[in-house]
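What follows is a single structure, written as structure tokens, with notes after it.
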Amino acid sequence: EDNRPRLRPPTSSRSLRWSPLDRYSLALALALARRRGREGVVLISMARPLRIHLLPFLLLVLASISSSLAEIKNLKISSDSRATILFEKFGFTPRGEVTIAVSDVSVSSALGTPDPALLGFFLLSDEKLIQAAYDSQHDHRSNPNPNPDPNPGCVLHSTYVLFLFTFAELSPGSSVSLNRSFPVSHPDEYSLFFANCAPETAVSMSVFTEMYNARPDGSHDFLSVGQSPVPSLYTFFAAAYIAFFAVWIYLTLFKNRLAAHRIHHLMAGLLLTKALNLVFAAEDQHYIRKTGTPHGWDVLFYIFQFLKGVLLFTVIILIGTGWSFLKPFLQEREKKVLMIVIPLQVIANIASVVIGETGPFIRDWVTWNQVFLLIDVICCCAILFPIIWSIRSLRETSKTDGKAARNLAKLSLFRQFYIVVIGYLYFTRIVVYALKTIASYKYRWVSVAAEETASLAFYIFMFSMFRPVEKNQYFVLDDEEEEAAEMVLREEEFEL
């Protein structure tokens with residue numbers, strides 16, 4: 001018997017009857033899913049509109065992140081009664097394959113023994129999701145039904161899903177189990193789901209998943225097709241940061257050693273942790289691509305991701321306050337900003353580890369995504385305050401200390417830094433996210449390249465602005481420039 005799953009030809013969607021609320025909810029969910037790149041979640045609400053509450057799925061769509069790495073995973077589900085469980089997303093080539101092994105299966109229901117054919121696994125492609133939504137809307141316009149069927153059927157029987165197997169195929173015994181492999185010959189990005197169509201039924205099981213694309217030489221590529229170039233990208237940028245670090249060490253320890261301040265040594269530490277973070281990210285992705293597991297490189301990656309995050313926000317805050325190169329101390333409000341941002345970065349990195357090492361199959365995955373997003377927004381806002389305070393302080397000082405040219409130079413410096421920081425945060429949080437959403441699954445690496453390019457440009461600009469030099473143009477000015485600056489300060493106000 002051929003176990004190859006085949007996409008059934010599209011048929012009429014009259015079996016999927018919708019109420020007006022269901023149609024509105026699907027439209028909203030589709031819009032949100034396009035923004036978050038999780039269109040696969042929506043079909044569940046489409047296929048079983050009256051059995052599944054839409055709100056949890058909308059929250060999942062809102063909080064979801066980009067496709068998982070699809071490494072080999074061993075998952076444990078315990079007494080879970082959710083109607084659907086999303087395991088992961090993966091972009092397949094025409095030589096893709098899915099392996100699923102289920103063991104230690106137990107099913108409990110308050111309504112007696114459930115039908116095992118109502119519990120099973122399926123794949124959902126983005127292409128079929130869009131087609132299903134279009135056909136459903138078209139069918140409703142051409143044949144509206146004021147009395148929809150309250151039991152539209154199980155999603156496992158939908159013509160739009162790539163059916164894998166149900167629990168009816170499990171091997172009986174003391175440890176109920178099943179191990180199957182399924183070729184995927186139609187290239188697309190697929191979401192792997194478990195569906196529980198039996199009412200008031202809880203499922204416990206151990207699940208082993210393996211998704212990969214076969215290379216021409218027969219070896220396996222465990223990275224999604226759009227993520228395959230990512231290890232090479234990380235390696236390239238790691239080499240760029242190592243070269244940058246070497247140049248910075250030369251400037252701070254040799255060429256301009258007398259002009260270097262404590263902030264410059266802290267900036268060197270930031271460059272080193274960023275370079276090592278990329279090195280370990282490249283190794284992590286490389287081993288996942290080759291073997292399906294990170295071989296411990298993920299631990300080093302998360303450690304240096306945490307150090308890099310803390311140091312980056314700390315350096316931006318300290319530069320914004322002018323610490324060490326303008327003043328030797330921090331004011332009380334500036335210390336409070338650091339005391340807020342650093343603990344938040346600890347929590348954000350804990351959330352990042354949970355998100356990266358688990359997946360949407362855990363019940364609290366949505367919450368961890370929301371925590372990470374909220375903390376990231378708070379930290380991005382907090383680091384702007386010291387720069388604003390420095391600009392306001394310099395504006396006030398320029399009116400009384402008689403050093404117009406120097407204050408004008410400092411104002412220009414901090415104003416440029418403020419604009420650059422906002423531009424960097426906007427690009428890495430919004431533009432990069434838009435690229436992830438807009439780009440085809442085959443080009444997900446483009447968003448990684450854009451983010452790392454923007455980060456490198458930001459680092460170069462920031463380090464160039466505040467580099468240690470004996471005669472910095474911002475702080476050493478002659479009398480003519482002093483007089484010209486006084487005129488500028490009288491005529492122009494520096495506003496944010």
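Note that the numbers count up from 1, one per residue, in the order the chain is shown.
Cβ from N, Cα, C; glycine included.
A TrEMBL annotation is a machine prediction, not a hand-curated record.
Features reported for this protein in TrEMBL:
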- 73-213: domain 'CAND6/7 N-terminal' (DOMAIN)
- 229-473: domain 'GOST seven transmembrane' (DOMAIN)
- 233-251: transmembrane segment (TRANSMEM)
- 263-282: transmembrane segment (TRANSMEM)
- 302-325: transmembrane segment (TRANSMEM)
- 337-356: transmembrane segment (TRANSMEM)
- 368-391: transmembrane segment (TRANSMEM)
- 412-433: transmembrane segment (TRANSMEM)
- 445-466: transmembrane segment (TRANSMEM)
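Count of Cβ pairs under 8 Å against the transmembrane segment (445-466): among 263-282, 302-325, 337-356, 368-391, 412-433, the largest is for 412-433. Cβ atoms under 8 Å from those of the transmembrane segment (302-325) belong to residues 261-263, 266-267, 269-270, 273-274, 276-277, 280-281, 331, 334, 337-338, 341-342, 345-346, 348-349, 352-353, 356, 379, 382-387, 389-390, 414, 417, 421, 462, 466 of the same chain, restricted to positions at least 6 beyond its ends. Using DSSP to sort the residues of the domain 'CAND6/7 N-terminal' (73-213) gives these counts of helix, strand and coil: 26 helix, 72 strand, 43 coil.
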